[in-house]
Amino acid sequence: METGVRVPVALGSRSYQIVVGSGVLKQVGALCGELLPSRRVMIVTNPVINRLYGTTVSTSLRKAGFQTATIEIPAGERAKSLRQAARLYRAFLHNRMDRRSIVVALGGGVIGDLAGYAAATFLRGVPFVQIPTTLLAQVDSSVGGKVAVDLPEGKNLIGAFYQPSLVVADVETLKSLPPRQMRAGLGEVVKYGMIADRELFGYVETYLDAILRAEEEPLTHLVTRSCAIKAQIVEQDEREEGIRAVLNFGHTVGHALETMAGYHRLLHGEAIAIGMVVATMLSVNRGLCEREDLDRLRTLLTRIGLPTKATGDMKSLVYTIGYDKKVRNRVIYCVLTKGIGHVALAALSDLAELRAAIRAAWSV
Ligand SMILES: NC(=O)c1ccc[n+]([C@@H]2O[C@H](COP(=O)([O-])OP(=O)(O)OC[C@H]3O[C@@H](n4cnc5c(N)ncnc54)[C@H](O)[C@@H]3O)[C@@H](O)[C@H]2O)c1
């Protein structure tokens, strides 16, 4: 019997479903069989995730009549490289994949971004299925079609917009997720609350303990709601030419912190948590947002176990922000808030304003 909640992503000929629920991993074969004619599948994963979930996925696919092969890439951000992409292309060729063969990404955002990039470029694009196993990947990176690899010069510099054919998010896989990864993923959920859904923000406040215990019901709600919000935004602006930028709430400072930390020390969700506090402080300073909402944000992030400020050299942080992709003609385009659940796009032309907000946000 089929279980799981379906969230549609309506993008014309590139439309797909996100199937969310507990135990849906076992349905991967049937779900792929419904929509993909090919019988040849390459599962891209890493050794940890393969040991935990590889057999469930490949058994489900085989039962549905697919021929499967698996390739493991090393765990960690460093695997999101052109070198690993080339390894994947060779494995695809070795396994006689053609243009209708399917790439299945089983893992967190690193696997999803890398396998998605390889799927987008191999033979000019083959079908691609996301099976996200981290909270961050379930609520964010597996949806929306951004795929990429890193260069030594920076993260995600080589990539594409390439939508998956299906996303299967099994919240049961989050039970094995290290607590720090779970907390970082929750940072992204809080972001959705801040930009679009005051109720979701309140839900995390109320059910945080159950969420951190990885209980299925609250997690299914969080993932479903977050995916629905992201889908709605991506449907309006698939290639980030306008409104999709609101998903970057907290990223102006967050990205710079990740870059400064050599993108190893801070997890993405941790950097974004710090960035959201600065963005909300900026909004308070501009009179857009009540201080009470800033306090609620800070309290929730602290309860989750996420950082709300960074230590270190503020001067080099502001300098790094100047090199961010979102800076054009010396104006920093950033996302502010008009209170929890409401967003505002803004231009900052005076770095002093940013410096003041960082100072104020970190002085508590
Ligand atoms: N494409 C997008 O739109 C988008 C959005 C946000 C982030 N990203 C990218 O996502 C990446 C970060 O993804 P992430 O946070 O998922 O990290 P990750 O993929 O590195 O996974 C984190 C760690 O958790 C382990 N793991 C994964 N699932 C597990 C499970 N169920 N049980 C036990 N261990 C498990 C992994 O082996 C890894 O060591 C970054 O590269 C970032 O740039 C992409």
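From the backbone N, Cα and C atoms, a Cβ is placed for every residue, glycine too.
Automatic, uncurated: that is what TrEMBL annotation is.
Listed in TrEMBL for this protein:
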{"type": "DOMAIN", "residues": "71-183", "note": "domain '3-dehydroquinate synthase N-terminal'"}
{"type": "BINDING", "residues": "Gly109, Val110, Ile111, Gly112, Asp113, Thr133, Thr134, Lys146, Lys155", "note": "NAD(+) binding site"}
{"type": "DOMAIN", "residues": "185-327", "note": "domain '3-dehydroquinate synthase C-terminal'"}
{"type": "BINDING", "residues": "Glu188, His251, His268", "note": "Zn(2+) binding site"}
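Structural mapping of features recorded in TrEMBL.
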residue: Gly109; record: NAD(+) binding site; Cβ neighbours (10 Å): 22
residue: Ile111; record: NAD(+) binding site; Cβ neighbours (10 Å): 30
residue: Asp113; record: NAD(+) binding site; Cβ neighbours (10 Å): 26
residue: Thr134; record: NAD(+) binding site; Cβ neighbours (10 Å): 26
residue: Lys155; record: NAD(+) binding site; Cβ neighbours (10 Å): 18
residue: Glu188; record: Zn(2+) binding site; Cβ neighbours (10 Å): 25
residue: His251; record: Zn(2+) binding site; Cβ neighbours (10 Å): 23
residue: His268; record: Zn(2+) binding site; Cβ neighbours (10 Å): 22
With the Cβ atom as the reference point and anything under 6 Å counting, tell me which of the binding-site residues (Gly109, Asp113, Thr134, Glu188, His251) are near ligand 1. Gly109, Asp113, Thr134
Roughly how many Å lie between the Cα atoms of Asp113 (NAD(+) binding site) and Glu188 (Zn(2+) binding site), rounded to a whole value? 17
Inside 8 A of the center formed by the CB atoms of Glu188, His251, His268, which other residues of the chain have their CB, for the recorded Zn(2+) site? Leu136, Asp140, Gly187, Lys191, Gly250, Gly254, Gly269, Ala271, Ile272, Gly275
How big is the gap, in Å, between the Cα of Ile111 (NAD(+) binding site) and that of His268 (Zn(2+) binding site), rounded to a whole number? 15
Given the binding-site residues Glu188, His251, His268, state which is nearest to Gly109 (NAD(+) binding site) when distance is taken between Cα atoms. His268
Reading the DSSP string in three states, the entry for Glu188 (Zn(2+) binding site) is helix
Rounded distance in angstrom between the Cα atoms of Thr134 (NAD(+) binding site) and Glu188 (Zn(2+) binding site): 12
